[in-house]
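Scroll down for the structure; my scribbles are underneath it.
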């Protein structure tokens, strides 16, 4: 019983395989895209005008030529107005069938009869759908689906951008995380049994003109970030979340809204004193950067069409001389290939390492330069004037002595003012007592009274 069932399944599988092979064996295959035109070939060995007829597989006549070079259609014009032939090619022995405005139901076998023989041509019409469409936001994905006759299996679909990017698949082709640079015309090819058909796709990706922005600044300088869009937008809202290199989490820096192309700040971190331009394109300025601000951020812009994201990076350099050591430090997202170099100007490098901090002990007097570079390209540089150690000590001693003398002078002035003020207070008290005694008329000519008054004065 089991053997009989297995045998039936095997026979059924062989029958299906033979039917599939029969579709293409001895036939010419032509591919066509829905809505476009297809040319089905039919060639004569005599290379001259001869009698020919094109038919459907059910023997219904489509068109033909039975002498005198006149094209005869097999039905009413309304039924066969999409079918035609190239009269100019007849004299060369070519009698193609042209089918315009292809439909999915046109996928079938067509028969060309000429010179007492028949030629079968298999037409496979496919339809291309784009989901969600050919106009998308940056970061979204596009799915290209190829619908075709159920007999068609595993075609190769390949789309190529003019800049060289290639995406390939079979009946389903996916393009994920699209960028603005992916916009423009794509040339696509469908290949089946070594037969090819071409179609074009114009893709429009809406978003920020740059996928990432990195600013390289020395400590104390201002940094400005601009976020231009490749399309006109009037309304939306957004925010910038920032993660400093020393922090382990993101925190909000600024939030804003866009209304009628005007930008308004909703909330901002006070410590940074961020400045946001009131008109598009979005432009953010940090008046004065420092090492503690170095890090990465994510700008989010929410529109009616969807949400856009923009990566923002800030790299900050600081060069300082402390005691007898010259230090150059960089913070922020840098490539592992970047190199930090510390040298005297117009001289060979003293220190050059793939690190974020370099130092020189007992640096020579003169102008020093710190450079952050990647390969031959210098990303940023900063300069500092180094003074000799003796000069530094003299300046320090002068500052200390000057401060000491200044303090002593100030202290003496305070004491003098206090003594003078105390003396004036005592004198005022004595005068007040004399006036009181005089007003009471207790004065007399007695010697002891005169002596008392004199002592009070």
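Quick reminder: no glycine exception, Cβ is built from N, Cα and C everywhere.
Database features (Swiss-Prot):
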DISULFID  42-112  disulfide bond
DISULFID  159-188  disulfide bond
DISULFID  328-370  disulfide bond
DOMAIN    27-128  domain 'Ig-like V-type'
DOMAIN    318-374  domain 'Ig-like C2-type 3'
SIGNAL    1-26  signal peptide
TOPO_DOM  27-394  topological domain 'Extracellular'
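Note on proximity: among 159, 188, 328, 370, the disulfide-bonded residues of the record, the Cα nearest residue 112 (disulfide bond) is that of 188. In the three-state DSSP reading, residue 42 (disulfide bond) counts as coil. Residue 159 (disulfide bond) sits 31 Å from residue 42 (disulfide bond), counting Cα to Cα.
For residue 328 (disulfide bond), the number of other Cβ atoms no farther than 10 Å from its own Cβ, over all displayed protein chains, is 26. DSSP places the residues of the domain 'Ig-like V-type' (27-128) in helix, strand and coil in these numbers: 13 helix, 48 strand, 41 coil.
Of the recorded residues, residue 188 (disulfide bond) and residue 328 (disulfide bond) place their C-alpha atoms 53 Å from one another. When secondary structure is read from DSSP and collapsed to three states, residue 328 (disulfide bond) falls in the strand class.
Within its own chain, residue 42 (disulfide bond) has 52, 54, 94, 95, 96, 97, 112, 114, 119, 121 as residues 6 or more apart in sequence whose C-beta sits under 8 angstroms from its own. Under the DSSP three-state reduction, residue 370 (disulfide bond) is assigned to strand.
Sequence-distant contacts (6 or more apart, same chain, Cβ under 8 Å) of residue 370 (disulfide bond) comprise 317, 319, 328, 340, 341, 342, 358, 381, 382, 383, 384. Taking each of the disulfide-bonded residues 112, 159, 188 in turn and counting other Cβ atoms within 10 Å of its Cβ gives the largest count for 112. If you take every residue in the domain 'Ig-like C2-type 3' (318-374) and average the pLDDT, you get 91.
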